[in-house]
Each structure stands twice: as C-alpha cells, then as structure tokens.
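Please read the structure below before turning to the comments.
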Amino acid sequence: MAMPRFVAAVAVLGLLIVNANAFYSPNGPVVELTASNLKSKVKSAGIVLTEFYAPWCGHCQSLKPAWEQAAKALKGIVAVGAVDCDTHKEVAGEYRIQGFPTIKLLYVDDATGSIKSLDYNGGRTAKDLVTFALDKAKSLAMKRLGEKASSGSGSSSGSSSGSGSGSDGFYGGTDVVTLTSDNFRTQVVKSNDLWLVEMYAPWCGHCKALKPAWIEAASELAGKVKIGAVDCTAHQTVCSEYGVQGYPTIKFFGADKRSPQDYQGGRDSGSIVSFAMAKFAEQVPPPEPVELTSQSVFESECLGDSSGAKARRLCLVAFLPDLLDSKAAGRNRYINILKKTAEAYKDKPYSYLWVQGAVQEGLESNFGVGGFGYPALVAFNPADKKYTVCKSAFELNHVKDWIEAMRMGGTGALPLQGSLASIKSITPWDGQDAKEEAADEFDLSDILNEEL
C-alpha cells in the first residue's frame, strides 16, 4: 500500500509544481490555449481575444495584470485566452508570430467555418482591451444581422469620414484624408489616384511627432498625390491586411494598388514631398500646353479657382507669332517646345499656356511684352504677382537654362505692371493654316486715267 500512496503523492506534487509555474492560473479567467485545444475552444466560444506570449518576455509580464483584469471584465461576454509560444511553437508558427506579446482576435468565419484572425495594435490597458473586444463582438453580431455596426469609443474609436479632408479625429480640419475600414477600398484601392497613407495609433508618440509634417505635406501635394491616414486602433482590418507591425507605418499606393511600397524616408515634410513628387513624376504624364482662350482657362490652369484647382507656383505663358507669319508648322514647333519643357519639369507645380500675340493685349501689357518681337515667353508667379521674361531665343535648351536660372533666383523677377487683366474669350485654334484673304483686283489703267 505504501508504494501506490507514494506514486499518488508524487503525481500531486508534480501537478502542484506545474500549476505553480503556469504563467496564468488554471483557475483564473484567462483560458490557456494549446496546440490540442485551440481550435475547439475558439469554435466553442465563437470569438476569443488571444495573447501569444513567452513566459520569459518582460513585456508579457508587464501585460499580465491588465490581461487578467480584461479577462475578468469580459467573462461570459468574450473569451480571453493565451498561448505559451515556448511550449506550443507549432501554434506560433501557424499564426506567424514574430514578437511577444502578439495579440490577435480569433473568430469563426460563418461562411466557411474556419478560424480567422485579426491583429490588435491598440493600447495595453485593460480598458483598451475590453473596448476593442466589445467593439469587434458587436461588429460580428451586427454583421450576422446584415447591418453595419457604428464605431466604438475610447481607443477603438476613430474618424469615419467618407471622403475628402478629415472633419474630426486626429487629422480633423486638414488636407489629410481620413481613411476607414468602410472607405479604404473605394478611396484608395479602386481609385486611379496616387496615395501616400499613414497607418497610425493616436496614442503613439512617433505618430504625434509626425503629425505636423504630414499635414504640411498634404497641403503641398494637393492635386498631385493624395495623403491619407488610417487609425489602426479603430480600423484593424485595414492595418492587418497590410501587415502593420508598428507605428507609424507609411505606404505608397501607386498604379498597382495590389503592391504598395513601404516608405522608408525622412519624417520631415520636405522628404515626404520629395518622395511623393518623384513618384508623381514617374507615373503621371506631364501637363499639356493649353491655349489661353478665356478667363476660366487662366484660372483653372494658373490662378486657381473655386472648383478646387490650385494656383500654380509658376505659369509659363507663350505669346506666339501670328499664324500668317509662322504657319501651322511653325506654331506647332513652338507648342512642341512647351511640351518638352513640361516633360522636363513634370514633377513641378508649373503650367504651360500659349496664345497668339496681340490677342490678349491687356496681359501683354501686364508683362511688358507685345507689339513686336514674337514669340515672347513669360514666367508668372500668381502668388506674389511677379514675372520674368525670357530674353533668350525660343529654343528648348535656352528655355530650360532660363527656368534653371529662375529656380536659383538669378533672373530678377519684376512686379506686375498694373492690375492683372481679364482674359478675353476667343475661338480656339483649329490646328490649320490661316486662310489668306485674296487681294482686290484692280486695273492699273483706271488709276492712271484718274491721275490724268
């Protein structure tokens, strides 16, 4: 009888040692998930907030009190579990765990019956965890009803602006577009626009430090590259889809929206704008030279207008010779020089306009050109109402040299002469040679007879 009692005592002692060394108490609110029970536990509960941890991990030990507190608060509502990845390496491998602790929401897909996961990148307080779990449980329940759940509150809340600039939240009242789980696909993935998207958390210190530069870049890039932001604490599905591991994560969505590029540049507005404009230059065709046929053209292509067109930093205006002098071939040669100039500077906020000389006399007077000497080329800055006249021949190399000199500040800009003239509406050029009017025929003898 002594031997069976001894064996039983050893077994009990071993069980006590195992329980004493367990990271989470077997009798506590946190469900210990293993390789053998994970699937059955998740399928039974339907949704499980799960921590993947290592017992030796300092961050896991720091999280433990909040995790247990959240599990107590959610008892009977949402299951809270934990996987010891040291013991159950196959589970860690299946869910591609790269660091500890990693928190995922495991849930059953109603359509397939399979277990799916959603990464959690929010705060580490019990309140943050509970808010997230309740919000996702509500979303799942509403989805089963065929309805959309409204965003939650606290750390899981965020702006849900459908389009345009943010109206509330982290980037409220700025040119940064607020992106959400509801609008990300339509706004970004299905659009033809170029996008630079920040994926952030409102509590993240690096995100707060980036915020002023991000807002400034959005303003400067308006009309070329769209700047957006996703609050990952509120819109986990988006950030999980793109593998966000830390904040802020910045991704560039170019022509191929399926393969966004990670931005690894500086976090100042200058670096962000330079990167975006380089991408813009690669993927966007240069602006076409436009005939200056009306005031609305001048506003949309140079001055800016109420419909959203931004004022250009520089408007190049060419006053070309009369069609009778240059013919169509000569005019097209000048327009082609403007096209090649636009190609060379397509990443710059410049526009290119042309008009026949002596047609828009008021504008010529503003710039101190006209009356003779066509073609004439003027660079006009609508912001400071100053202009510069190209003194060299209207040839591509000379025009580019002139622009480079302007960019270096070496051409001596002049103030506009008088108030900026309104543009007269004219009929656009049809691309043909001008029709020469036939001279009236006369008999020389008639004149001689009159003189006699």
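Backbone N, Cα and C atoms are what each Cβ position is placed from, and that goes for glycine too.
Among the features that TrEMBL reports, compositional bias 'Low complexity' is placed at 150-160.
What TrEMBL records for 1-139 (among others) is domain 'Thioredoxin'.
Among the features that TrEMBL reports, domain 'Thioredoxin' is placed at 143-281 (among others).
The annotation region 'Disordered' is assigned in TrEMBL to 148-167.
Residues or ranges marked as signal peptide by TrEMBL: 1-22.
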For the domain 'Thioredoxin' (143-281), the number of residues DSSP places in helix, strand and coil: 49 helix, 25 strand, 65 coil
DSSP-assigned states of the domain 'Thioredoxin' (1-139) in counts, ordered helix, strand, coil: 64 helix, 28 strand, 47 coil
Overall pLDDT of the domain 'Thioredoxin' (1-139), taken as the mean: 83
